[in-house]
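Structure first, commentary second.
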């Protein structure tokens, strides 16, 4: 379950393994090189499918329950998925895997994969070559946006850095049904999420490490170097943190729901103006397998408009403003609750309970709309977004004409169908900061940090680091803090105390 987009700056971090003892850490340097820009589209589709479908395989029981530190090899695929080398079996057979906090299974191609082209381009696990292999045989399947992998569970020793995890369950993939896997620069995936979203309820590798007493501290931490000119790209540390990776102290927030590394985020501020959308709290996850910082289309559109990003013009959005803008205003002014406005206008007649702040509908609502036209659905969504935008402007005491004009401009800033928005590279210096409130403290992203750039001169292309991703309940609404956020902020995943820590990256 991995892997989430238009032209975007992407980098492949080539592996260099240099073992330099210091403070008990094994250090492995990373390098970067430009990657095919189209590949990021497939990555985003994969990640979106991951979040949309993850709950189907989730264990329904949800529990909320440094001397030896180990730093493992990492590469960066598409400036989105960080991967490195592990070993499986005795003697170890080496594989390149993605380290992904947004999923929980370990899988690699199997030597029994005969009919998938992708398997012929990657290293395959040979159980007959391992003296510590144990057969399990239970079938498994993981579905992604552009294909799926299927196979069966096996058990063997897994080597991660200098650690040897004994008797680890993993999936031998016998079918990889997508061109994405053929082109992938990695063999498989190592999930760092919780067991609750693990297919087959398999124990994640990090949890097995802890159960076997391999870690002196029940944490792992990510440091992602966003300096594209730097030779070292980043480090993943198991069993502790490296004080050279961050400045000051970490701000910790509790994990609110096991599965993903999920927590409650506070208000989002553009420049000096509050969006008001998360004043009462918003669900968010930290995901090393996502390149962008994604959230509901309604709010991401406001952010992208504020920074000058251009998306796809929405005819339905402009139609709502033209035909219903005055009525929306009047209803809000008269005290009608925002979640009832579009219903009273007859644009969302099939709704049960509106998720007005995001334009997301429940499964029941979606089924209720069967038989209605796609145009009706689009108008309903556009109306819900317009209500949110109008309500935010009312809080700032904006005049009616200016508010409707502003909403019309937002229609032109709606992200592309894949969620991204292009921006003028020459305007980066004049863009506002965007601040996320976590643990009642501000975490600021500067334009240089949230804009992704590829190419130079007339070939330069800049992409907003804010992507739209609408997820239906119970998974969503959800903000996903990917590498755009994890780059500026060193992140600690503390599974001992079930909390996540953020500090300014060094």
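Keep in mind that glycine also has a Cβ here, set from the backbone N, Cα and C atoms.
Since the structure is predicted, the reported quantities are computational estimates derived from the model, not experimental observations.
Per TrEMBL, the feature active site maps to 100 (among others).
Annotation comment: TrEMBL describes 287 (among others) as active site.
A C-beta separation below 8 Å, combined with a sequence spacing of at least six in one chain, links residue 119 (disulfide bond) to 109, 110, 113, 173, 176. TrEMBL lists 113-119 (among others) with the feature disulfide bond.
Here TrEMBL flags 278-282 (among others) as disulfide bond. Proximity of residue 278 (disulfide bond) to non-local residues of its own chain (separation of 6 or more, Cβ distance below 8 Å) is seen for 265, 266, 267, 268, 437, 479, given in sequence order.
For the domain 'Peptidase A1' (82-503), the model gives a mean pLDDT of 85. Annotated domain 'Peptidase A1' per TrEMBL: 82-503, in sequence order.
Annotated domain 'Saposin B-type' per TrEMBL: 312-352 (among others), in sequence order.
Taken from TrEMBL, the feature domain 'Saposin B-type' covers 376-417 (among others).
For residue 100 (active site) paired with residue 287 (active site), the C-alpha to C-alpha distance reads 7 Å. Fewest Cβ neighbours within 10 Å among the active-site residues 100, 287: this applies to 100.
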